[in-house]
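Beneath this line is the structure, given in structure tokens, with notes to follow.
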Amino acid sequence: MEKLTILLLVAAVLMSTQALIQSDGEKRQQAKINFLSXRKSTAESWWEGECKGWSVYCSWDWECCSGECTRYYCELW
């Protein structure tokens, strides 16, 4: 009887551990989906004024939609 009780206790601990791990994995997957769906296309970023288009004055690469600031002007992809 004692062995059966211990066996049931171990089984309960293993099942609850598995449930915790599975729940954490689902949360990570959902966070990944949310992150990827929140990204905007280059056209959307340009339209909303979050980046500069081609041949516009710039100082840094990150200012341009193309990501290329050459000689103070945004490059065309």
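Including glycine, each Cβ sits where the backbone N, Cα and C put it.
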Swiss-Prot annotation, disulfide partner among Cys64, Cys65 for Cys74:
Cys64
Candidates Cys58, Cys65; Swiss-Prot says the disulfide mate of Cys69 is Cys58
